[in-house]
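As given in TrEMBL:
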BINDING   B:166  FAD binding site
BINDING   B:223, B:278  D-dopa binding site
DOMAIN    B:5-324  domain 'FAD dependent oxidoreductase'
SIGNAL    B:1-19  signal peptide
């Protein structure tokens, strides 16, 4: 049984790994192939800072909150393993800042030590009158994607550098399940007006004295359109751009100035920080994640596509919960095809 | 006395910060720093520079608290300014974990650091051998940067600094009106203080830039303190040991203890081993004294014996010492005007 995975960002690689881990012993014929036009370090996931943090509101989407929690708990469990450093996984504390009181987020009990900021802490951030402190996780794409790639390669998964234009292209010849993890470009494979780019731009600087993430929020201008500072293991990411509907992946001088000025106002010491890079990427934004099966005509045969895309600016945050859900969908596909007498037990 | 000449002996954390306070409280003073060592070769350079107070048994708690509060407030302002990176001052959050219940649930400094609270159950799960914990955010002063920044501020005020080993405070009588003794462990020889003793500390400074949180065992022996470029792993408290040579067995032991708190440290690179001797006493000596020899007087202000807690109280004790220098000047001006009558 051949399974084609389209996309080699965090979603494609983790879904592939999850499926292989759960099914390869039950299905000796299982062969996974990953097709992508971009591999690490050139995927959208590589550009992200890698902070685990969902959006402020889950809009009643409890399913996504559960996937976020599954991801956090899974990563927390990996923290003390020898693989943690190679995965790019580590603990980090920090601040979320607001100009007015806001309700607690859906993830307050998922992260560690969530609390409101004290008046003295707020003195650090003039202009902000309310905020949260908590300890969360960083999972840096630059390390995590190569780690996933190594695990997959060890398992005999094959990689193909190819821009896929249709599901039919990768199916046929024994491939009857396609895992669609194509992120921003899912619309090329099947039109989806709900999928829109949420363009972001970031500046990478050397500021090793910054040990906390600082994320400001402007409820009027919307998520990520307010400065944020996220310290990584090699450099610190400055950001604060979210442009819905903008497909440009070129760095904009205007956005650069906006990020730089607003971050330096937030943390004056950044004025002395050395700029070492800049990057723009497109968050694959959707009102909700598309994670579902679809029967599709693949040539003469009926095939199955498992969609797993539209993770916006929280792909890393939600990836493992979605990978496991995709694996469950795969299990149900196998059941339907009577490849399995019973699906494998639930695994977290 | 138009321009009192003040000599500060010692160019570690205490000497430099005291000299700076003196220039601030007494702008008419001419201050000179004399030391056999300057950064990066002072004892202070070895320390991690974490603002977590050490409790001095014989100093009243309210005084220690005042010193800590002044120090924290001073450094907090720098950490929030454009100078933070140059001064090496930064905020760091983390955990202090205990195997057995801590002596006090709320240490005297808990309302001065930021966000102090008990650790949650979920946080304590990361430390299976520990049953209690405190979470808070405090400040760290990286050395050499902080000491070099203090030197730069001093030079800007016109303070002179000379490499010179002072064997006896009296040798300074001719050139200086007041002597400030910030000689740390050197005070044992310089002023014959038998109460002063070294507490040897060995540390490892490693490259592990993914470590963003501090972790400290409440017993004070094992700690992980992330600095700007290096993480300090510690440590030891060897009372009475004068040895400045690193011990290989101790290195192994420190590394193992720290890895059991933070396993990812196994991947740490570039391990540098350092040794410092904490200039320890039952209380910090911040005190004015007038030495007398053959009818000649020498006003001295002492500021030494900060042991394991120098960084946490340095600015507070420096302020107090500067105030005492001010008192010495008043006395001298009083007697010189009496002499004129």
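Note that Cβ sites are derived from N, Cα and C of the backbone, with glycine treated the same way.
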Mean per-residue pLDDT computed across the domain 'FAD dependent oxidoreductase' (B:5-324): 97
For residue B:278 (D-dopa binding site): intrachain residues, at least 6 apart, with Cβ closer than 8 Å: B:43, B:198, B:199, B:200, B:201, B:237, B:307, B:308, B:310
Inter-residue C-alpha distance, residue B:223 (D-dopa binding site) and the residue listed as 'FAD binding site' (nearest angstrom): 35
Local Cβ density at residue B:166 (FAD binding site) - other Cβ atoms counted within 10 Å: 19
Count of other CB atoms lying within 10 Å of the CB belonging to residue B:223 (D-dopa binding site): 24
